[in-house]
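Below: the structure, in structure tokens.
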Amino acid sequence: MTKSTKILGLIGRAVDYSYSPLIHNTACRLLGLSYHYTVFNIADPSMIPDALRGAKALGIAGFNVTIPYKKSVVPFLDALSAEAASIQAVNTIVNEGGKLTGHNTDIAGFAAPLLPYRESIRGKTLSIFGAGGAALAAIEAFIRFFSPKEILLFVRNPEKASLLLEESGHDKSAPVRILCSDNPEIIRECRVIVNATPIGTRGNNDSPLPLDRELLHPGQIVYDMVYNPLDTPLLLAAQKAGAATISGIEMLIGQAEHSFTLWTGMQMPVKAVKESLLQEIQQ
């Protein structure tokens, strides 16, 4: 690092496990860019306003934002991109001369690994477990790119999820049905199953699966947003059942690629970065 090095970082809580520093620092090194990406753990949502004011004062170039702050940062930003405004959730912040603009690259990042399946997904019933910012991004991606018959949102608290959708400015004409996660029998008819919860994350003490493994079958695509471990309990169960699987690493790289371009104006060398990331994970 030098005096001219620009600082980037990840805003989250207890996210030292994140691979985002490796991804972005590798990309910057390969392209010869003078940036350094680090982690900013924020213990409580009440500290978010001070953190963002400090970022302006210190000239920090930008952030990624992860659980549980993707919605918490929104009121304290100066502007939102169309994508971020559409779901009132932010995963990327760009500091342009003291103006903080929130973006959401999760939408495009989530959609990217599903695009090869687009024709087989159109008009089908799709499902998501979870009701946070990541789930909202998945809903928006499904609607924008895949024209589903219906999106089933499995949650622990349907009333809270309904309020979250309403607050996000969600299009009420979209085919979203909220269901309690303790009764997912209908999952059998879903073409795509997405885990947008922390269930399965290394060190998470919840049940390792968001659904009964007996509901999985070869006609499904199972997409786990969790990326640590690489082979989550859900993905292993899905593979055993003969379903197609998508690792959270794909979304992690996809959203990171778009964030990187917003900050630097450059294209991320995705292939080389992904190779470096997988090598690190497998060690």
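Cβ coordinates are placed from backbone N, Cα and C, and glycine is handled just like the others.
The annotation in Swiss-Prot ties SER18, TYR19, SER20, ASN91, ASP106, TYR227 to shikimate, and of the candidates under consideration, THR66, THR197, THR261, THR264, the one tied to the same site is THR66. Same-site candidate for NADP(+) binding, as annotated by Swiss-Prot with GLY130, ALA131, GLY132, GLY133, ALA134, MET225, chosen from GLY109, GLY200, GLY242, GLY248: GLY248. For GLY132 (NADP(+) binding site), the recorded positions whose C-alpha atoms fall inside a 10 Å radius of its own C-alpha are LYS70, out of SER20, LYS70, ASN91. Cα-Cα distance from MET225 (NADP(+) binding site) to SER18 (shikimate binding site): 13 Å (rounded to the nearest whole number).
A distance of 8 Å separates the Cα atom of ALA134 (NADP(+) binding site) from that of LYS70 (active site, proton acceptor).
Listed in chain order, the residues near the shikimate site other than SER18, TYR19, SER20, THR66, ASN91, ASP106, TYR227 are LEU10, VAL15, ASN64, LEU252, GLN255, ALA256, each with its Cβ within 8 Å of the site Cβ centroid. Within the set of binding-site residues SER18, ASP106, GLY130, GLY133, the entry lying nearest in space to LYS70 (active site, proton acceptor) is GLY133 (CA atoms).
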